[in-house]
C-alpha cells in the first residue's frame, strides 16, 4: 500500500521531458552551478503546488520511520520502476537553489524548504543506496536554506532597513584602526550588498507569507534534527561546520519566552520555537556519533563566542557590534545558559574547551563599556562551572593577561575582577596547588589586579581601576563589602577603617608597603615607576587625585569618598581637605564629582563635624562658579541637604538624621563659617526667582525661632526675607521686643533679626516702624550694642526711614533727624577723650571703639551733617603714634610721601585697636569727602610703612584699595607702596594685599605699570604655600583671562628683572625704591630655583603661538645682545644667560603640539576624540616644521656664536648652553646636520665638544655614586667645609685652550664673591648630572691654622683632576706651616692676608682650576699634546722658567713624579712665557683656505696655566 501511494506521488517528479543530460550535469558540477530547468517541467511538477512536496513527503515518511514494514524496500521499488534517486536529488536541488536567491518569492522559498526536507528524508531512509544520495554540497545547501530562506530584516520598513545597513557599515568603519584604509575588497562587498538590497527591496512579504516561511523552516529543522542521530557526520567536517554556523544563527531567530533547558528540547513534539530547536541541534552535534567531542564543541564555542559578545553572527559577518537591545541581551543569556548546561552534562571533558572560550572572550570583547560589562558577567557565570583547580589556572592566566601591552585587555581584566568580587569567595581546595591557592581569594583581585592597574601608565586603565575600587566599596552585597574592607584593614592600607557595625578599627597609622616587600621588583612595562612607599593604597590614591588626566582624578575622588565613609575622619583630615579642595578643580567634571562626593560623604557621616565643615567650605562657594552646570550642581546639593530637610518644629525628631544634619550645617554657617554667608545670598537670589520658598516653608522656618535652633533659623530667615518677604510679622515683632529688652542678647541672633526687620520694614505698620526706630536709636546713643551689631542697626535704620518716607528728600530728612543725635553723641564722647587733659587716662577702650565705629557708619548715611571737627578728631587718633618718633622713614616712598608729616602730631598714644578702627572710619569719611582724601592718602601710605601693628596695616591696605576705586588717579601713584606689602612680614597682610590687588586689576582700576607685575608674580615663590597657591590662582584663572597676553608681554623683562640686570637699554628701567628692591630681590644662585619656578609657571600658561614667539624674542633680545657685543660679558651676564638657557631647555617652552603625545587610549564612545587626534597629528606636523625651520635659520647661528663668546670669556653659563645644545641636537639632529653641511669642520668640532661634555657628565655621576658608596658612617655627621664645583672649563671639549681656561677661573671667583655675596651663606642645591646647575664658582672658607684643609663630600661631583689638586694642597699645607708667597699672575686677582677669607677663596679656586688641566687623567683636545708641558711645583720663593718639553730616562722620570704634589706659581712681575708652537698643519690650510675669526679664536695657541 505504501509503495502504491509512493508511485502515485512520484509521478510529478518523473516528468517525461526531463533531460538526463541536465541531471548528469548537475551531479558532474557537484551542485555548484545549476543550469535553469525547463519551465514546462517546473510547471508540470508544481501543477498541484505545494501538494507535490507534501504528498511525496507523506509517502516517503513511513519508509524513514520503518512504519512500512521490512518486507517493502523503497530502493527496490526505485530500481524496478526505473526511478533514479539522482534525478530526484537534482530536482530537489533546483528548488533549493531558487530559494537561496534574495529575489525569490515567498512561494518559491517555501518550495525550497520542502525540497530540502525531502532530501533529508531520503537520507533518513535506511538502505545501502543512501551513500549515493548524499552529496556534501547539496547537504550544505539544504542546511543553509534554513537561514537564507528567511527574508533579511523583514520586520523593518524598507527605509529603516536601508538606514540600519548604512549605520552598521559606518559603525564598522569607525571601529577600524585609525590610519588603516579599508581594503578594495570591502568596497566591492559593499557594492554587492547594496545591489542585493536593491533587489530585495522589490520583494514584499505579507504577514501570512512570513508565517508560512517560518512554519516551513520550523518543520524542516525538526525533520533535520530527527535525521542527525541516525546520520553520522563523522567524516564530513565541512558539513558539521555548516550545521554549527546555521544553528548558531538560528539561535537568535526568535526569542524564547521561558527558561530554556536542553533536556526539554529532546522531545521535539513539545518544542515550539526555532531557537530551541537550534540549540538542540547544537547539542546533538556534540554526540560522539559525529566525531571527536572536543573538536565539535570547540567549533560550537567558537561560533557562540559572537553571540556571547553581542557581535554580528553569520556567514560573511564582519563581527561588528550589535546595538544592545533586550533581544540581543536575551540571546546572549541563552547562549551562556546553553554553554553552562553543556558543561554541566559533559563535566571534565569539556573544561579545556571552556577555558579556551573564556580566553577568547577576554581577547575579542568589544572595547566599549557596556559590551565589556556584559562580557565580564558572561565570563564569570561560565567560570563558576569550573572546579577550583581549573578556576585557579584560569585566574593565573587572567593575572598575566592584566599585564598585556594592549590597553583594552588591561581594562577588561578590571571588569572581570570586579565581577568576580560579587561572587562568594571560594574555599581552599586540596586539589589546588599551594602556589595557586592565592588565586581563589578576593584579596588577590583587589591587591594584585585592581591595585596594580591603579599604577598603570595609561590613564584610561588608571581611571577604570579606581572606579573599580569605588564600586568594590559601594557593593550592595554586605558580605562582599565587608570582605573588601577586611582586605584594607589587614593590609594596613588605610588607617582607621570602620566596619559595617560602625566600630572603628585602627591598625597601624603608618602607611607601610603592603606585604612588606619593595615595590621596585613589581614594576612592569605598563606600570608607572613606583617608589617603595607608593605601594600603599592611600599614597597611590593621593597621587592619582593629582593626576593630569581628568577621568583619573574623578575616579580617585570617588574612591576617596568611599574610603572616608568607612574611616575615622579624625585620622584622615588631610584627605578630607583634598576632597574639599577639588571643588575648585580646573576641570568641570571633576568639580561636579567633588561636589557629589562631599554630599554623599556628609550624608553617610551626618554627625561628623569635620565632614560638615568640609562640605560647607567645598560646596557653598561653588554657587559663584563661572560654569553654569557646576553652579546648578552646587545649588542642587544645597537644596538637597538644607532646604528639603526643613520641616515644622513639631515634626522635628532628633532621630531623623537628615533634619539634624540640616540644622547642624546651618548652625555652623551661623557661628563658625560666617564668611560663607555671602555666597548664600547668590543661592537664595537664584532660588527666589524660581519661587522656591513657599509660605509653608517660611512658616516652618519661623516655627524654629523660639527653639534652641533660633540662631540658624533667624539666619535662614534673613536670607529668605531678602527676596520673599511674605512672613508672619506678628511672630517676628514679638521675638524682637523680647530680645531687644535683654541686657546681653545673643549678637548673632539679634543681628539676623535686625536684618529681617530691615527687609520687611515696608510691610510693617507705621507705629511699629517708629517704635523699632526709637529702640535702635536709643541703643546706638547709649553704645549698648557690640560693634558686630552696629552695622546691622544702621542698615535697619536706613530701611525703616526709607519705608516711612515717600520721597528721597523725605528719607534724607528722616535720616538726619535720627542720625543727627547719634552723630552728636559720638562727637561729644570723642571730644571728651581727645581734647581734655585727662581724657585718655580714664577712657573705656571698648566704648571708644563702638563710638568710632558708629560714627563711621552714620557718616556714610548722612555725609552732609558731618562737620570738619569730626575729621580732626579721627585724625588726632591716628596722629598719636607710639612709634612714629623712632621708626626710620622709608627710602622707597615718593618725595611727597617723605615730606608727609603724621596726621596732626599729638603726644598721647592710642592703643592699636582704636587706631585700627579709626583708620576704617577715616576711610569711610574719605569716600564722602574728596578734600579729606587728598590729605589722608599720603599719611595712610606712610602709616602702612612705619606701623608695626598687623591690624593697622591691614586696615590701611583695605582703605587705600577702596579709595582707589573712588579716587583712581589719586591713589595710582601709591600702588608701588601697596605692592610692597606683598612681601610683608605677616602672611595675613601678604594674602590680603594679593586679594585686594587682584580685585583692582580685574576691574582695571589699577594697570600693570612699573614693577607691579614682577612683584605680583613673586608671590608664586612665597614662603607660605597657601599664598603661593593663591597667587597661582589669581594670575592664571582671574587676571590672565582678562589679559591673555599679559604673561607674554612681561616675560623677557622678567628675566632681566629677577636677575637685577640693569645694563640693557630697554628692559628693567622703571624706578624702584631701595627698600622695594631688597624685599623682592631674587638674584643670585640661591634664588635660582625660585626664578625658574616663576619662569615655568608663566610658560605653562602660554599659547603655542606665544611659546614660538617668545623663543625668538629671547634669542634676539637677550642672546643676540651678547653675541653682538651690545651687552658686556661679565658675571652678571653669566647669571642672566644661565637663566636664559635653562628656560630654553625647559619642557614648558616646547610647543604643546610637539610635546603632547597622541592619546592611544581614547574613551570608548568618544568618536569626536578620535577626530581630534587626527587633527592634532596634522597640526603637530605643520607646527613642527615651522618650529624647526625657525630654529635652524634664526636660533642655531646665535647659539653657535654665543658658544664661542662664552668659551673665549670663560663664562660659567657655558655649562647651561651645552645642556641646551645637547637637547636641541637630539630634537633637531637631521636639521642641524643639514645646517652644518656647508661647514663640516665646524660640525665635527661641535660633535666632539658634545661628546666630551657627555663624558664629563658621566664621569661626574660615576664619582658621585662612588663617593656615596664609599662614604663612612662618620662622614654623615660632618659639616662640609668646602663645596667644590664641577670642572667645566677644564674639559678640552669646551675650550681649545684648557690651561688658559683654568687661568680664568680665579677672576670669576673673585667677581662672583663681589657680585653675589648673598650666596655665600646658603649652600647650593644639589644638582643632577643630566641637568646641572650653574654653581660654577666654589665658596671656600679660610684654611685652618690648626690642621690641613679637609675636603668633604660636596653637593656636586668632583672630577679626577679636582681631587688630585686638592690632595696636593692638603699635603703641602700639612707639611709647611709657613706663609706662602704668590707670584705674578697673568690676570688680576686681589691678594690678601691668610686671615682674609676672600684671599683664600680666590687662591684656592685658582689652584683647583689650574691643576685640573695639568692632571693626566683629563682628556685632551684635538690639538692638545698628551703630556703636560712641564712639571709644576708648589713651594715658596721658586720662580718659573718655561722650557721645552724634555724626554727623561726612567730614573729621572720617577724622580720627577716624586714631586708631583708641588705646585709652582710665577712671580707677579713676570709675564708668562709662550708655549712652543706645534708643528701641525690643517689640510684645509694647505689649500689656502682661511678659517673664520671666530674659529681662530677658539683654536688659539696654548697658554701656560700660571
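The backbone N, Cα and C atoms fix where each Cβ goes, glycine too.
Summarising the annotation, Swiss-Prot assigns region 'Disordered' to 154-194 (among others).
Confidence across the repeat 'HEAT 2' (532-567), taken as the mean pLDDT and rounded to a whole number, stands at 85. Residues or ranges marked as repeat 'HEAT 2' in Swiss-Prot: 532-567.
Using a 10 Å radius centred on the Cβ of residue 562 (phosphoserine) and all shown protein chains, the other Cβ atoms total 22. The phosphoserine annotation in Swiss-Prot covers 562 (among others) and rests on similarity to another entry.
For the repeat 'HEAT 3' (574-605), the list of distant contacts is 538, 542, 545, 550-551, 553-554, 557-558, 560-561, 563-565, 611-612, 614-615, 617-619, 621-622, 625, 627, 629-630, 633-634, 637, 640-641, 658, 661, 1037: same-chain residues at least six beyond its ends, Cβ to Cβ under 8 Å. Under the heading repeat 'HEAT 3', Swiss-Prot lists 574-605.
The annotation region 'Disordered' is assigned in Swiss-Prot to 884-908 (among others).
What Swiss-Prot records for 884-897 (among others) is compositional bias 'Polar residues'.
Annotation source Swiss-Prot lists repeat 'HEAT 4' at 968-1004. When Cβ-Cβ distances below 8 Å are used as the criterion, the repeat 'HEAT 4' (968-1004) is approached by residues 892-894, 897, 933-934, 937-938, 941, 944-945, 950, 953-954, 957-958, 960-961, 1010-1012, 1015-1016, 1018-1019, 1022, 1024, 1026-1027, 1030-1031, 1034, 1038-1039, 1042, 1072-1073, 1075-1076, 1079-1080 of the same chain, each at least six residues removed from its ends.
Taken from Swiss-Prot, the feature coiled coil applies to 1213-1270, supported by sequence analysis.
If you look up Swiss-Prot, you'll see 1317-1353 (among others) marked as region 'Disordered'.
Swiss-Prot lists 1324-1338 (among others) with the feature compositional bias 'Polar residues'.
The annotation phosphoserine is assigned in Swiss-Prot to 1359 (among others) on the grounds of similarity to another entry.
Here Swiss-Prot flags 1368 (among others) as phosphoserine.
According to Swiss-Prot, the feature phosphoserine maps to 1381 (among others), an assignment based on similarity to another entry.
The annotation region 'Disordered' is assigned in Swiss-Prot to 1385-1412 (among others).
According to Swiss-Prot, the phosphoserine annotation covers 1393 (among others).
According to Swiss-Prot, the feature region 'Disordered' maps to 1473-1506 (among others).
In the three-state DSSP scheme, residue 562 (phosphoserine) falls into the helix class. Using DSSP to sort the residues of the repeat 'HEAT 4' (968-1004) gives these counts of helix, strand and coil: 30 helix, 0 strand, 7 coil. For the repeat 'HEAT 2' (532-567), DSSP puts the residue distribution at 29 helix, 1 strand, 6 coil.
Across the repeat 'HEAT 3' (574-605), the DSSP tally of helix, strand and coil residues reads 28 helix, 0 strand, 4 coil.
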